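A.B. asks: Pulled these features from Swiss-Prot for this protein:
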| type | residues | note |
| --- | --- | --- |
| DOMAIN | 3-167 | domain 'EngA-type G 1' |
| BINDING | 9-16, 56-60, 119-122 | GTP 1 binding site |
| DOMAIN | 205-380 | domain 'EngA-type G 2' |
| BINDING | 211-218, 258-262, 323-326 | GTP 2 binding site |
| DOMAIN | 381-465 | domain 'KH-like' |
Amino acid sequence: MSFTVAIVGRPNVGKSTLFNRLVGKKLALVDDTPGVTRDRRPGDAKLIDLRFTIIDTAGLEQSGPETLQGRMWAQTEAAIDEADVTLFVIDAKAGLTPADETLGEMLRRRGKPVVLVANKSEARGSDAGFYDAFTLGLGEPCPVSAEHGQGMIDLRDAIVEAIGEDMAFPPDVDEAETDIVLPRTEPGSEEEEDEEPVYDETKPLRVAIIGRPNAGKSTLINRFLGEDRLLTGPEAGITRDSISVEWDWRGRTIKMFDTAGMRRKAKVTEKLEKLSVADSLRSIRFAETVVIVFDSTIPFEKQDLQLVDLVIREGRAAVLAFNKWDLVEDPQAYLADLREKTERLLPQARGIRAVPMSGQTGYGLDRLMQSIIDTDKTWNRRISTAKLNRWLDAQTTQHPPPAVSGRRLKLKYMTQVKARPPAFMISCTRPEAIPESYTRYLVNGLRKDFDMPGVPIRVHYRGSDNPFESKAKKRR
């Protein structure tokens, strides 16, 4: 991307709507409730012939630095410092407010390029707000409607004028780089099943961080990044959008998704929280590995267990992070107790990697990242058909399938049909009669003998064709 644009303004003027319009996707949550956006969210934007990075920010309201509003203000100021040009969005329909004037003064003092955007200009009565905006001293407002896509050509021209054509159209950017970048195929899609089985360490690893509210998810990511990139604090439920950040760990690109804390469904009543949870679920489905953050001081709440079960059912690789380990007394005894509870309460994820750590102090972060990499490798594991059939023969010899209606079931052949997660197909007689207990026996054997702890393992059955079956029925 050639340059960076920050979108700022007071709450509820349409910043996230404009952000979604420019990135061409509904990435940012949009609601009539003021103050939906809290963290700064980057995205790849396209506006006519411009390609740039755009940053959505929280609605600016001045407050003390120790308050939530004050910390949101600091995040927005960081976005302005990072950007080459700022889009200052006002609500032309509502007109100027003292908050707009305060923000305008702050932007003037910074001396960086600013484009004044009069949003909602399609509404009746917006003319007065448009002309009032001249008093901000930031030049002629650019009238747009982010919701309806009006005024985008004028906005493009205003951005080019603000930063200059040299920055808007750098000579070293070729045509290939200005194409729209489509997202990679999501895990589990038909296209991905044809991928080479070799584990590719050059590809970015997508990791979602989930957990109950106030488990320390954003603090953990900030510690990884080494900066206060995400908004944190003692208040539960600060994060609303799923925010993605990229960084390198020992030469491997990691793309992490911070998500909103997820409570029990019965407690989620507000529309905005439902939108946040839906956004978190999308991040889980798009991730490869999911880190479930537990609060070590109150681990294994019912919601914690349900989140692990959700990740396993979605077929994602899972790692447990026992956060706030700095608050634990007698860590050795407590860790032994946690491991016992993990095996007992999470039988569907037997052997799952669990790491004690502290986002506050940085304790255990390297072990957590290594566990994420190791789990992802296991999730991508492929086993040769020859090894699988030798293993199947040994398993059925040691513990033969049960007899159903007086006839013993026969498992004849086994192959791996896909990875991510590992899935196997067994050719057998009467697949519908295989009991669930025998499938669990096979899954546990695969997990143990092929060293696949903690990842979902799928076993499917199909009937083996008998070419003489129809003739046998006729003789009867």
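Including glycine, each Cβ sits where the backbone N, Cα and C put it.
Let's see these features in context: how buried, what's close, how far.
C.D. replies: The Cβ of Asn12 (GTP 1 binding site) has 16 other Cβ atoms within 10 Å, all protein chains considered.
Regional average pLDDT for the domain 'KH-like' (381-465) in the model is 92.
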A.B. asks: Using Cα coordinates, what distance in whole Å links Gly9 (GTP 1 binding site) and Asn214 (GTP 2 binding site)?
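C.D. replies: For Gly9 (GTP 1 binding site) versus Asn214 (GTP 2 binding site), the Cα atoms are 28 Å apart.
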A.B. asks: What three-state secondary structure does DSSP assign to Lys15 (GTP 1 binding site)?
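C.D. replies: Once the DSSP labels are grouped into three classes, Lys15 (GTP 1 binding site) ends up as helix.
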A.B. asks: In the structure shown, which of the binding-site residues Thr57, Ser121, Asn214, Thr259 has the fewest other Cβ atoms within 10 Å?
C.D. replies: Asn214
A.B. asks: Using CB atoms and a 10 A radius, I'd like the single residue among the binding-site residues Gly9, Lys217 with the highest neighbour count.
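C.D. replies: Output for this query is Lys217.
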A.B. asks: Is it possible to get the count of other C-beta atoms within 10 angstroms of the C-beta of Gly211 (GTP 2 binding site)?
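C.D. replies: I get 25 for this one.
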A.B. asks: Can you tell which of the binding-site residues Gly211, Asn214, Lys217, Thr259, Trp325 lies nearest to Lys15 (GTP 1 binding site) in space, using Cα positions?
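C.D. replies: With Cα distances computed to Lys15 (GTP 1 binding site), the winner among Gly211, Asn214, Lys217, Thr259, Trp325 is Thr259.
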A.B. asks: In sequence order, what residues of the same chain, 6+ apart, have a Cβ less than 8 Å from the Cβ of Trp325 (GTP 2 binding site)?
C.D. replies: Ser296, Pro331, Pro356, Met357, Ser358, Tyr363, Gly364
A.B. asks: Between Asn12 (GTP 1 binding site) and Lys217 (GTP 2 binding site), how many Å separate their Cα atoms?
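C.D. replies: That separation, Cα to Cα, works out to 26 Å.
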